[in-house]
């Protein structure tokens, strides 16, 4: 039986951990060096609920310089991973300010999984000290859950690509969300207007 094909697009602020999450899931290795993404695609096979799914993983650039290029990733998307970083309250603030309006404009009716990346840094002393200097603290799990409700996300999960904690669960939830959509509506993929 041929695998079902689904397209996943990951969005979020620059340096919030999008590429590491995709690479750890698809290649099982953590990249130690940060290289800003322009456009990358990966393919990963995943089995959920006895279904074989070939997941096309579309990485995007979070930096503002790419705001006009990013929409080219959106057509025919089945699920969105919308990411912020637990060590960056500002990246969580950009979820309703920037990412939700953009995604809902180009991908109406496409399920969104809100993902808190870098959860290993929540209790990291160096991270906490740096945030205190800016009168901030790491994002709490309940703040992530509240945001997921606020943007009507399909679900909320936290993970650490570095420790691999929660990575598989993110993609299992995303795959389930992508599979569910098709039952309701035959063709509700992204539109480019």
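Every residue number used here counts from 1 along the chain in the order it is shown.
Just so you know, glycine gets a Cβ as well, placed from its N, Cα and C.
Counted within 10 Å of its Cβ, the other Cβ atoms near residue 120 (GTP binding site) come to 17, all protein chains included. Look at Swiss-Prot and you will find 12-19, 30-37, 59-63, 117-120, 160-162 tagged as GTP binding site.
Reduced to three states, the DSSP call for residue 34 (GTP binding site) is coil. Counting only same-chain residues six or more apart in sequence, the Cβ atoms lying under 8 angstroms from the Cβ of residue 34 (GTP binding site) belong to 15. Under the heading (Microbial infection) O-linked (GlcNAc) tyrosine, Swiss-Prot lists 34.
The cysteine methyl ester annotation in Swiss-Prot covers 190, and the record cites similarity to another entry as its basis.
According to Swiss-Prot, the feature S-geranylgeranyl cysteine maps to 190, an assignment based on similarity to another entry.
Its Cβ taken as reference, residue 59 (GTP binding site) is surrounded by 21 other Cβ atoms within 10 Å in the chains shown.
For residue 30 (GTP binding site), other Cβ atoms within 10 Å of its Cβ number 14. Ranking the binding-site residues 16, 63 by C-beta neighbours within 10 Å puts 16 at the top.
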